[in-house]
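In what follows, a single structure is set out as C-alpha coordinates and then discussed.
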Amino acid sequence: MQGSRLIVALDTASWEQALKWVDRLPQVLWWKVGLELFTAVGPQILQALKERGKRIFLDLKLHDIPHTVGRAAQVAVGYGVDLLTVHAAGGSAMLRAAVAATQGSSCRLLAVTLLTSLGPDQVRQELGVERDPGDYVLQLARLALDQGVSGLVCSPQEVGRLRQALGPEVLLVTPGIRLGDPEAEDDQRRVCTPAAALRAGADYLVVGRPITAAADPVSAWQRFQAVEEAIG
(Lines of atoms letter the chains of each structure in order from A and count residues from 1; the text may use other names and numbers.)
(Lines give C-alpha, C1' and ligand atoms only; values in the text may rest on other atoms or scores of the structure.)
Protein backbone atom coordinates (compact mmCIF):
# COMPACT_ATOMS: atom_id res chain seq x y z
CA MET A 1 0.00 0.00 0.00
CA GLN A 2 1.36 3.36 -1.03
CA GLY A 3 0.67 6.98 -0.21
CA SER A 4 0.15 8.83 3.02
CA ARG A 5 -0.12 6.88 6.25
CA LEU A 6 -3.01 9.08 7.39
CA ILE A 7 -6.60 7.88 7.02
CA VAL A 8 -9.21 10.57 7.59
CA ALA A 9 -12.49 9.39 9.11
CA LEU A 10 -15.75 10.59 7.59
CA ASP A 11 -17.58 10.67 10.91
CA THR A 12 -20.90 12.11 9.81
CA ALA A 13 -24.34 10.93 8.72
CA SER A 14 -24.52 13.57 5.99
CA TRP A 15 -23.74 12.82 2.35
CA GLU A 16 -23.18 16.52 1.69
CA GLN A 17 -20.84 16.98 4.65
CA ALA A 18 -18.82 13.89 3.80
CA LEU A 19 -18.19 14.97 0.22
CA LYS A 20 -17.51 18.53 1.36
CA TRP A 21 -14.63 17.21 3.47
CA VAL A 22 -13.36 14.99 0.66
CA ASP A 23 -13.44 17.79 -1.89
CA ARG A 24 -11.92 20.31 0.51
CA LEU A 25 -9.01 17.95 1.19
CA PRO A 26 -8.12 16.65 -2.29
CA GLN A 27 -4.61 15.75 -1.12
CA VAL A 28 -5.99 13.10 1.26
CA LEU A 29 -5.80 9.66 -0.38
CA TRP A 30 -7.31 7.46 2.36
CA TRP A 31 -10.81 7.91 3.78
CA LYS A 32 -12.61 5.84 6.40
CA VAL A 33 -16.31 5.14 6.02
CA GLY A 34 -17.77 3.93 9.29
CA LEU A 35 -21.07 2.55 10.46
CA GLU A 36 -22.79 5.93 10.85
CA LEU A 37 -22.18 7.17 7.31
CA PHE A 38 -22.66 3.79 5.65
CA THR A 39 -25.98 3.28 7.44
CA ALA A 40 -27.14 6.80 6.58
CA VAL A 41 -26.32 6.96 2.87
CA GLY A 42 -25.47 3.43 1.79
CA PRO A 43 -22.82 2.14 -0.60
CA GLN A 44 -23.10 5.08 -2.98
CA ILE A 45 -20.61 6.92 -0.77
CA LEU A 46 -18.08 4.24 -1.67
CA GLN A 47 -18.76 4.80 -5.37
CA ALA A 48 -18.32 8.55 -4.93
CA LEU A 49 -14.94 8.01 -3.28
CA LYS A 50 -13.84 5.57 -5.98
CA GLU A 51 -14.80 8.07 -8.67
CA ARG A 52 -12.47 10.57 -6.99
CA GLY A 53 -9.61 8.07 -7.00
CA LYS A 54 -9.61 7.53 -3.24
CA ARG A 55 -8.63 4.50 -1.17
CA ILE A 56 -11.40 3.26 1.10
CA PHE A 57 -11.26 1.89 4.63
CA LEU A 58 -14.72 0.42 5.26
CA ASP A 59 -14.87 0.21 9.02
CA LEU A 60 -18.05 -1.74 9.76
CA LYS A 61 -16.53 -3.98 12.45
CA LEU A 62 -18.52 -6.99 11.29
CA HIS A 63 -19.53 -9.25 14.17
CA ASP A 64 -22.19 -11.89 13.56
CA ILE A 65 -22.51 -15.58 12.80
CA PRO A 66 -19.90 -16.86 10.30
CA HIS A 67 -22.30 -17.22 7.35
CA THR A 68 -23.62 -13.68 7.72
CA VAL A 69 -20.18 -12.13 8.10
CA GLY A 70 -18.83 -14.08 5.14
CA ARG A 71 -21.65 -12.90 2.90
CA ALA A 72 -21.32 -9.31 4.10
CA ALA A 73 -17.57 -9.36 3.46
CA GLN A 74 -18.21 -10.71 -0.03
CA VAL A 75 -20.54 -7.80 -0.74
CA ALA A 76 -17.95 -5.33 0.58
CA VAL A 77 -15.32 -6.80 -1.72
CA GLY A 78 -17.67 -6.11 -4.62
CA TYR A 79 -17.64 -2.42 -3.73
CA GLY A 80 -13.88 -2.30 -4.29
CA VAL A 81 -12.93 -1.30 -0.76
CA ASP A 82 -9.26 -1.53 0.21
CA LEU A 83 -9.60 -2.28 3.94
CA LEU A 84 -12.46 -3.96 5.81
CA THR A 85 -12.83 -4.59 9.54
CA VAL A 86 -14.24 -7.47 11.55
CA HIS A 87 -14.24 -8.03 15.30
CA ALA A 88 -11.60 -10.51 16.45
CA ALA A 89 -13.92 -11.43 19.32
CA GLY A 90 -16.29 -12.99 16.80
CA GLY A 91 -14.21 -16.15 16.99
CA SER A 92 -12.21 -18.34 14.66
CA ALA A 93 -15.05 -19.59 12.46
CA MET A 94 -16.34 -16.09 11.82
CA LEU A 95 -12.86 -14.82 11.05
CA ARG A 96 -12.20 -17.66 8.62
CA ALA A 97 -15.46 -16.93 6.81
CA ALA A 98 -14.44 -13.31 6.34
CA VAL A 99 -10.96 -14.29 5.19
CA ALA A 100 -12.40 -16.71 2.64
CA ALA A 101 -14.69 -14.00 1.28
CA THR A 102 -11.80 -11.59 0.68
CA GLN A 103 -9.31 -14.05 -0.80
CA GLY A 104 -8.34 -13.29 -4.38
CA SER A 105 -9.33 -9.63 -4.03
CA SER A 106 -7.36 -6.47 -3.30
CA CYS A 107 -9.27 -5.98 -0.04
CA ARG A 108 -7.23 -6.52 3.10
CA LEU A 109 -9.05 -7.75 6.17
CA LEU A 110 -8.34 -6.13 9.54
CA ALA A 111 -9.41 -7.50 12.90
CA VAL A 112 -10.48 -5.09 15.63
CA THR A 113 -9.07 -6.17 18.97
CA LEU A 114 -10.44 -3.83 21.66
CA LEU A 115 -12.32 -0.60 21.03
CA THR A 116 -10.36 2.52 21.95
CA SER A 117 -13.43 3.78 23.84
CA LEU A 118 -12.92 1.08 26.48
CA GLY A 119 -10.65 1.85 29.41
CA PRO A 120 -9.09 -0.72 31.76
CA ASP A 121 -11.88 -0.37 34.34
CA GLN A 122 -14.57 -1.06 31.74
CA VAL A 123 -12.66 -4.03 30.35
CA ARG A 124 -12.55 -5.53 33.82
CA GLN A 125 -15.92 -4.54 35.24
CA GLU A 126 -18.16 -4.68 32.17
CA LEU A 127 -16.51 -7.30 29.96
CA GLY A 128 -15.40 -9.47 32.84
CA VAL A 129 -11.81 -9.63 31.58
CA GLU A 130 -9.61 -9.67 34.67
CA ARG A 131 -6.37 -9.63 32.71
CA ASP A 132 -4.34 -6.64 31.62
CA PRO A 133 -5.98 -5.13 28.49
CA GLY A 134 -2.69 -5.49 26.64
CA ASP A 135 -2.64 -9.24 27.27
CA TYR A 136 -6.22 -9.54 26.10
CA VAL A 137 -5.46 -7.57 22.93
CA LEU A 138 -2.48 -9.81 22.16
CA GLN A 139 -4.62 -12.93 22.59
CA LEU A 140 -7.25 -11.57 20.18
CA ALA A 141 -4.55 -10.48 17.74
CA ARG A 142 -2.98 -13.92 17.60
CA LEU A 143 -6.39 -15.57 17.21
CA ALA A 144 -7.19 -13.35 14.22
CA LEU A 145 -3.81 -13.72 12.55
CA ASP A 146 -3.98 -17.49 12.91
CA GLN A 147 -7.17 -17.41 10.82
CA GLY A 148 -5.48 -15.44 8.03
CA VAL A 149 -6.38 -11.78 8.49
CA SER A 150 -3.93 -9.26 7.03
CA GLY A 151 -3.70 -6.95 9.99
CA LEU A 152 -5.15 -5.45 13.11
CA VAL A 153 -6.84 -2.33 14.40
CA CYS A 154 -5.41 -1.51 17.81
CA SER A 155 -5.00 1.44 20.13
CA PRO A 156 -1.73 3.40 20.25
CA GLN A 157 -1.06 1.95 23.69
CA GLU A 158 -0.92 -1.58 22.27
CA VAL A 159 0.74 -0.98 18.91
CA GLY A 160 4.33 -1.17 20.18
CA ARG A 161 3.76 -4.41 22.02
CA LEU A 162 1.97 -5.95 19.03
CA ARG A 163 4.70 -4.89 16.63
CA GLN A 164 7.35 -6.42 18.85
CA ALA A 165 5.40 -9.63 19.43
CA LEU A 166 4.04 -10.17 15.93
CA GLY A 167 6.81 -8.89 13.67
CA PRO A 168 7.09 -6.43 10.79
CA GLU A 169 4.71 -8.05 8.30
CA VAL A 170 1.46 -7.50 10.20
CA LEU A 171 -0.45 -4.41 9.10
CA LEU A 172 -1.26 -2.26 12.15
CA VAL A 173 -3.88 0.48 11.87
CA THR A 174 -4.22 2.79 14.84
CA PRO A 175 -7.18 5.06 15.74
CA GLY A 176 -7.35 7.30 18.78
CA ILE A 177 -4.81 9.80 17.44
CA ARG A 178 -4.70 13.31 18.89
CA LEU A 179 -2.20 15.94 17.77
CA GLY A 180 -2.35 17.96 20.98
CA ASP A 181 -3.21 16.76 24.46
CA PRO A 182 -3.86 13.00 24.34
CA GLU A 183 -5.82 13.37 27.58
CA ALA A 184 -8.35 15.73 26.00
CA GLU A 185 -11.87 14.67 26.91
CA ASP A 186 -13.89 12.72 24.35
CA ASP A 187 -15.30 9.19 24.03
CA GLN A 188 -11.99 7.54 23.23
CA ARG A 189 -9.90 6.47 26.21
CA ARG A 190 -6.75 4.85 24.82
CA VAL A 191 -5.27 7.63 22.67
CA CYS A 192 -1.90 9.25 21.93
CA THR A 193 -0.06 11.54 19.53
CA PRO A 194 0.76 10.62 15.91
CA ALA A 195 4.50 10.75 16.52
CA ALA A 196 4.28 8.27 19.38
CA ALA A 197 2.06 5.89 17.40
CA LEU A 198 4.31 5.94 14.33
CA ARG A 199 7.46 5.42 16.38
CA ALA A 200 5.78 2.49 18.13
CA GLY A 201 5.20 0.77 14.81
CA ALA A 202 1.82 1.83 13.42
CA ASP A 203 1.47 1.55 9.64
CA TYR A 204 -1.59 3.77 9.32
CA LEU A 205 -3.16 6.36 11.61
CA VAL A 206 -6.89 7.02 11.64
CA VAL A 207 -7.74 10.65 12.41
CA GLY A 208 -11.26 12.03 12.49
CA ARG A 209 -12.45 14.96 14.57
CA PRO A 210 -9.02 16.58 15.05
CA ILE A 211 -9.12 17.25 11.30
CA THR A 212 -12.77 17.34 10.27
CA ALA A 213 -13.96 19.34 13.30
CA ALA A 214 -11.06 21.79 13.13
CA ALA A 215 -11.73 25.42 12.29
CA ASP A 216 -9.38 24.93 9.33
CA PRO A 217 -9.34 21.26 8.27
CA VAL A 218 -6.67 21.87 5.63
CA SER A 219 -4.23 23.33 8.16
CA ALA A 220 -5.04 20.56 10.63
CA TRP A 221 -4.31 17.89 8.01
CA GLN A 222 -1.06 19.63 7.10
CA ARG A 223 0.03 19.52 10.75
CA PHE A 224 -0.57 15.78 10.89
CA GLN A 225 1.18 15.33 7.55
CA ALA A 226 4.20 17.26 8.82
CA VAL A 227 4.51 14.87 11.77
CA GLU A 228 4.31 11.87 9.44
CA GLU A 229 7.00 13.30 7.15
CA ALA A 230 9.25 14.10 10.10
CA ILE A 231 9.02 10.53 11.39
CA GLY A 232 9.53 9.06 7.90
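Using N, Cα and C of the backbone, Cβ positions are placed for all residues, glycine too.
Look at Swiss-Prot and you will find D11, K32, 59-68, T116, R178, Q188, 208-209 tagged as substrate binding site, backed by sequence analysis. Here Swiss-Prot flags K61 as active site, proton donor.
This view paints the features noted in Swiss-Prot onto the structure.
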| residue | record | DSSP (3 states) |
| --- | --- | --- |
| D11 | substrate binding site | coil |
| L60 | substrate binding site | strand |
| P66 | substrate binding site | helix |
| T116 | substrate binding site | coil |
| G208 | substrate binding site | coil |
Under 8 Å by Cβ from D11 (substrate binding site), counting only residues of that chain that are 6 or more apart
G34, E36, L37, G208, R209, T212
P66 (substrate binding site), number of other Cβ atoms within 10 Å
17
All-chain count of other Cβ atoms within 10 Å of T116 (substrate binding site)
23
C-alpha spacing of T116 (substrate binding site) relative to K61 (active site, proton donor), in angstrom:
13
